[in-house]
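Features as listed in TrEMBL:
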| type | residues | note |
| --- | --- | --- |
| COMPBIAS | 1-12 | compositional bias 'Basic and acidic residues' |
| REGION | 1-29 | region 'Disordered' |
| TRANSMEM | 41-59 | transmembrane segment |
| TRANSMEM | 71-96 | transmembrane segment |
| TRANSMEM | 116-135 | transmembrane segment |
| TRANSMEM | 156-189 | transmembrane segment |
| TRANSMEM | 253-277 | transmembrane segment |
| TRANSMEM | 379-399 | transmembrane segment |
| TRANSMEM | 419-448 | transmembrane segment |
| TRANSMEM | 460-480 | transmembrane segment |
| TRANSMEM | 500-524 | transmembrane segment |
């Protein structure tokens, strides 16, 4: 064993390096220049913007509305520049709100443990169980092998890969879905020739697959409340602004979100086939892709184990309970037994708890899940959701929503049927070029709530296009995390994203504009005025 290895294992070895007094120190002397870095300037930018707004900006409303705008500038500048880690920025409202007199620390802390937060926590624990037992890979190979065709049918195979991603994204966060499904898609593409030997047909097919998985994940997430954080923020803000109105439950949203997502998904598939799958693709791909390859990978996984079956059973039970908590006004679900005190978050936590109770056959004495697996939980996303709820409450309670709603007064003269596309387009542009979809919704929805009160229309007529529109960020790699996942594969570039993103954004806006005043009026009662 070398001396270095011995020292690293020695418990007496100091954790911090100690300079030998007999050797000259290699550290450079301290200087003020070492503190003047881009990151330190970004850190100072937040408080500086806040101070400028608090000193120079004058509102007709209360002082707290001006202070809230300053806090927003502080928090959003840190989010945009990543001056400090995102989780730290997300907990900034816990000390900034009391400091500026916006709300008490107790009321802010409640936003970080909402029923929606427990819904996310339980869902992510189930996602970790799915990953642990490789269920997502088995599901992908099963569905893809059925769509492959014999001989290979590129449009059908592309539909199978994208449909698998769409389906998986319905039940877990779209970022987690993209991270899980992209290796499966790339594994299929690795069978194809790369480099100079790659033909145009093969290159186009590779681009279509990566673009399809990248975009199918957020589109599938529109279907359910758990598919994306944006839907959860929408539900929580609507519940907070209208506590006496009927809340948007899992099945209520599904009746609207799923048809909308299916329409946009088929628009995605049609655009991909039109732009990337030319004639002759089948002959170019036939030597490399067939059912035998996919079945071979499936055989390597072996038969479904007991642990996989139990995780799937828990997952299916959770979905069934979500769907049946509230059925219709005439047919109450099981939630009526608890007088409405049990929410979707309660279901998620109970089902996640079962994973730590049901015994495992592989490891005797152990449960299906180990608590150490929970170290992988995306706490940054959970804290970001909490920050979104806190900011939404702060914008409302401080009076800033009343002030900012005047900036969108031009929408009051827009015809009823033109409201959804107008709001959707504004939200999509903000997400594409300025900030993330979660941050966009966090800032935009409180303003839209106030506008709905001024216009005397149902708030969901504005809130749903604003929330769903923020998920139509398809043109730039930095717009959403799922775009980053696809961009990092090397199979897609910005010109391809723009070429694909523009028609897909238009198609999504058209689908939403058609369904919002029709199906939305039936599901949410948006044609009946404010709740």
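Including glycine, each Cβ sits where the backbone N, Cα and C put it.
Counting Cβ pairs under 8 Å to the transmembrane segment (500-524), the stretch among 116-135, 156-189, 253-277, 379-399 with the most such contacts is 253-277. Under 8 Å from some Cβ of the transmembrane segment (116-135) lie the Cβ atoms of residues 171-173, 176, 180, 225-226, 229, 232-233, 235-236, 301, 305, 307-308, 311-312, 314-315, 318, 343-352, 355, 368-369, 373-374, 376-378, 381-382, 385-386, 389, all in the same chain and six or more residues away from its ends. Contact count against the transmembrane segment (460-480) (Cβ pairs under 8 Å) is highest for 419-448, out of 71-96, 156-189, 253-277, 379-399, 419-448.
For the transmembrane segment (156-189), the residues of the chain that approach it from at least six positions outside its boundaries are 120, 123-124, 126-127, 130-131, 136-137, 139-141, 143-144, 146-149, 205-206, 208-210, 212-214, 216-221, 223-224, 226-229, 258, 261, 265, 268-269, 272-273, 277, 289, 294, 297, 315, 319, 378, 381, 481-482, 485-486, 489, 491, judged by C-beta separation under 8 angstroms. Same-chain neighbours of the transmembrane segment (41-59): 65-67, 69-71, 73-75, 77-78, 81-84, 100, 403, counting only residues six or more beyond its ends whose CB sits under 8 Å from a CB of the stretch.
With a cut-off of 8 Å between Cβ atoms, the residues of this chain six or more beyond the transmembrane segment (253-277) that come close are 154-155, 158-159, 162-163, 166, 170, 204-205, 207-208, 211-212, 215-216, 219-225, 231, 235, 323, 464, 468, 499-500, 503-504, 507-508, 511-512, 515, 519-520, 523-524. Same-chain residues lying 6 or more positions outside the transmembrane segment (379-399) and placing a CB less than 8 Å from one of its CB atoms are 61-62, 64-65, 67-68, 71-72, 75, 85-87, 89-94, 97, 102-103, 107-108, 111-114, 116-117, 120-121, 124, 173, 175, 229, 232-233, 236-237, 240-241, 438-439, 441-443, 445-447, 449-450.
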